[in-house]
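Colleague: Starting off with a structure, shown below.
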Amino acid sequence: MEDYLVKALCYKGSIRAYAISATETVSEAQRRHDTWSSSTAALGRTLIGALLLGATLKGDDKLTVKVQGNGPAGAIIVDSNGRGETKGYIKNPHVSLKLNATGKIDVRGAVGNEGIFTVIKDLGLKETFSGQTPIVSGEIGEDFTYFMAVSEQVPSAIGLGVLVDTDESVKAAGGFMIQVMPGADESTIDFIEQRLAEVPPISQLLENGETPEQVLYRLLGEDEVEILEKMPVQFKCDCSKEKFATALIAVGIDELNAMIDEDHGAEAVCQFCNNKYHYSEEELIELRDEAIRNTKQK
C-alpha cells in the first residue's frame, strides 16, 4: 500500500480528523540513516507526527519539529510541509534498547522523559512562529498531544506507531490526529474517548491491512466520517549539489583555500537524508573564485 494521508470532517464539523499510512516513508528514513529499532521508532513517530501537523498547513508552508530529550538517541529534527513531504534525522541512529514492560519498543528510554519539544512554523511571512513545551512522556505521540493542547490550544488525540521487524526493517508505520472543535458535544467526546481506549495500536491495524480511512471509521464511527481529501506522503529531501556549493562559498576564502591545498577536494553530507556530494579540486577553485568576486562586489 502506498503511503497517504486522509483528511476528514466528522460530527457535523465539530471534529477534524487525519489518518496516515507511512510505512514506506519511515522505511526510507531507516534505510538512509541505518537506524536501529529504538531510533527507528523514535524518528519514525516524529516523521509521522510532523506529517499530521503539516497536513493542517497550506502547500508551500512548512514546519520543523525538534525533540530534544535526555535519552541516548539525542536530538530528533524533522521538517514537513503542506504537500505531504517530510525529511528528518536522529542524532544517534544506533539505539536498540530492550523491549519495555509492555513488550513494545522502548521509545521513551531512547528519547528520554525530560527535555524540550519545539515546533517552528514557516508560513511564508517575515517571521516564523515557534511554540515550545516540555517533553512530558518521551513516547512522542503524547508529546505531540501535549504540545497541541498547551501551545496550539487545540484539544487533540494523536496516536503514532512504528512496528520494526527483527531485521531492523519497518513492518508498519502510521498515525492519526483527532481534533475537537469548539461546540463539540460532550457525548461525542465521550464516545471518541471510549473508542480510543478500545482500539488496538495504529501500527497493528496497518499491519493487518487496514487503510487510513478504515482507521478513522473505527475511531469515529463510519457514518460520521466525511473524507475531504486524500494526499500522498513521502520522505523527500530538497538538498542538492548547488545548495551545498552556495554553503561552501559562504564558509569563506581561507577555508576554501585549505580544502584546495590540503584536501584537494571536499565532500558534503546532508544531515537530513545522508546524500553525499563530492567537489573536486577544480570545482573548489571555481567556488573560491566566486567567493573572491562576491567580496569585491561588496
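Along the chain as shown, residues are numbered 1 onward.
Positions of Cβ are set from backbone N, Cα and C atoms, glycine also.
Values in this document were obtained by computation on a predicted structure and should not be read as measured data.
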Colleague: I want to verify the bond table. Which candidate from Cys10, Cys270 sits on the other end of the disulfide that Swiss-Prot records for Cys273?
Modeller: Cys270
Colleague: Have a look at Swiss-Prot and say which candidate in Cys10, Cys239 forms the disulphide with Cys237.
Modeller: Cys239
Colleague: Suppose we draw a 10 Å sphere around the Cβ of Cys237 (disulfide bond). How many other Cβ atoms does it contain, all chains included?
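Modeller: There are 18 such Cβ atoms around Cys237 (disulfide bond).
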Colleague: Among all protein chains shown, how many Cβ atoms are found within 10 Å of the Cβ of Cys239 (disulfide bond), not counting that one?
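Modeller: Within a 10 Å radius of the Cβ of Cys239 (disulfide bond) lie 17 other Cβ atoms.
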